[in-house]
Structure formats: C-alpha cells, structure tokens
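Take a look at the structure below.
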Amino acid sequence: MFKINALNNLFVQFFDSINKFVYNIVPDKNYSYGLAIIILTIIIKTLLVPFSIKQIKSSVLMNALQPELKKLQTKLKSDPQKLQQETMKLYKEKNVNPFGGCLLLIIQYPILIALYYVFYSLHIKGIGFLWIHDLSQKATFSNWTTWILPIVSGATTYLSGILTMPPSSDPAQRKQTTTMNIGMSIFLLWMSWNFSAALVLYWTVSNLFQMAQSKIIITAVTAKLEAEKNSVEDSSNIISQNIDNKKNKKNKKK
C-alpha cells in the first residue's frame with residue numbers, strides 16, 4: 001500500500017510541476033491543464049520507448065517466424081511435446097522471446113492507475129479543454145459532445161493495435177489479431193465512457209503517440225531484418241560460387 005501511495009503522490013507532484021510550468025506560459029486553466037496532460041503523456045511515452053521497441057521487435061520477429069512455425073506444426077502435429085521443444089529451440093536460435101511484448105502492458109497498468117488517482121485528486125472540476133467542457137466529468141448520454149473523446153479513444157486504440165502488430169502472412173493469425181484488437185477497442189471504449197475526460201485524454205494522446213512511434217519502429221526493424229536476410233543470402237551465394245569455382249578448376253586440371 002505504501003509503495004502504491006508513494007507512486008501516486010510522485011505522479012501528483014510531477015503533474016503539478018508540469019501544470020505550473022505550462023500555466024506560467026499559458027495563464028488560462030482551460031488550456032494549461034489539457035496541455036499539461038498532453039506533455040505528461042509525451043514524457044511517459046518517451047520513457048517507455050525502449051519497452052515499445054522490444055514489444056514491436058518481438059512482434060515483427062514472431063511474424064517472420066510464422067512460416068517455420070507452420071512447418072513444425074505440420075511435421076510434429078502428432079507429438080505435442082516434441083513440437084513444444086522444437087518451437088522453443090527455434091525461438092532460441094532466432095533470439096526471439098514470445099513474451100517480449102508483455103512487459104510494456106504490465107508497466108502501463110500501474111501508470112494508468114496512478115494517473116486515475118492524479119486526476120481524481122486534482123481540483124479540476126469545471127476546467128475544460130478545447131471542446132471538453134469539464135475534464136473531471138465522465139461522458140453522459142445527455143450531452144453528445146462528451147461522446148467524442150471516448151469514441152476517438154476506442155478508434156485510436158484499434159488503429160494503434162493494428163500498427164503495433166505487423167500484418168501476418170498466416171490468415172488464422174490475422175483473424176486472431178483483428179478479433180483481439182476489436183475486443184480491446186470495445187473494452188477501452190467502455191472504460192473511456194466511465195472514466196474522467198482527463199484520463200481519457202491521456203489515453204487518446206498516448207494512442208496517437210504510439211501509432212506514430214510504431215510506424216517508425218516497424219519500418220526500421222523490418223529494414224534491418226531485410227538487410228540481415230540479404231547479407232546471409234549474399235554470403236551463401238559467395239560460398240556457393242567459391243565451391244563451384246573450385247570444382248571447375250579441378251575439372252580443368254583433369
């Protein structure tokens with residue numbers, strides 16, 4: 001309990017410092033709080049970049065391994081124990097951690113809980129941002145403008161999920177990923193409807209940041225893997241060519 005309270009208090013103090021800094025530049029609470037939330041989100045997401053790289057790299061590598069995994073599943077479908085051993089052996093050979101993407105999710109939940117406490121503790125009742133009339137309030141059916149942020153939150157959750165998980169060559173894997181993304185988006189839409197606008201704003205900005213970040217990381221990781229693949233192919237071609245040259249020399253001597 002002490003550790004949780006300490007984390008919550010740390011986030012409150014950190015956000016308060018950011019808000020004071022923003023307020024000195026933009027002395028209007030209807031802008032400073034919203035801008036402070038956006039800046040806080042960018043800082044948190046920047047600190048989590050190493051974990052995001054690990055998650056996305058793991059996804060790209062797992063996707064690249066799908067053809068080989070399929071072959072193993074077909075070859076050893078009658079021997080589950082052997083299949084598991086060979087699968088783990090393949091992961092080890094390719095330096096792939098199948099659970100490499102889980103750490104980011106585990107880290108994000110305590111942060112989300114701490115921010116819930118932050119926005120609950122702050123006196124932001126009546127303070128708005130852009131079209132948001134009150135950052136402390138949840139969405140209501142009576143005011144359609146409060147629907148916008150939860151809907152955007154759900155939509156960006158779905159798009160972020162698509163970009164974070166590179167397209168798979170396996171139709172079953174694609175279907176599973178799509179179903180998971182839709183389910184997560186609906187869940188986050190429901191959560192966004194029941195949380196304060198301040199927390200939903202954090203999650204939405206976090207998704208937008210993640211989308212841009214994922215695009216950059218996937219492009220870089222894919223290019224690196226392609227370069228490594230081409231390098232291996234070039235090395236194989238050189239070796240084959242050297243072998244052929246040696247054979248030709250022997251034949252000429254004969």
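Using the three backbone atoms N, Cα and C, a Cβ is placed for every residue, glycine included.
According to Swiss-Prot, the feature compositional bias 'Polar residues' maps to 233-243.
According to Swiss-Prot, the feature region 'Disordered' maps to 233-254.
Within its own chain, the transmembrane segment (33-53) has Cβ neighbours under 8 Å at 14-15, 18-19, 21-23, 26, 103-104, 107-108, 111, 122, 124, 127-130, 132, 135, 198, 201-202, 205-206, 209-210, 213-214, 217, 221, counting only residues six or more beyond its boundaries. The feature transmembrane segment is assigned by Swiss-Prot to 33-53 (among others).
The annotation transmembrane segment is assigned in Swiss-Prot to 99-119 (among others) on the grounds of sequence analysis.
Within its own chain, the transmembrane segment (147-167) has Cβ neighbours under 8 Å at 55-56, 59-60, 63, 131-132, 139, 174, 177, 180-182, 184-186, 188-189, 192-193, 197, 200-201, 203-204, 207-208, 210-211, 214-215, 218, 222, counting only residues six or more beyond its boundaries. The transmembrane segment annotation in Swiss-Prot covers 147-167 (among others) and rests on sequence analysis.
Here Swiss-Prot flags 182-202 (among others) as transmembrane segment, drawing on sequence analysis.
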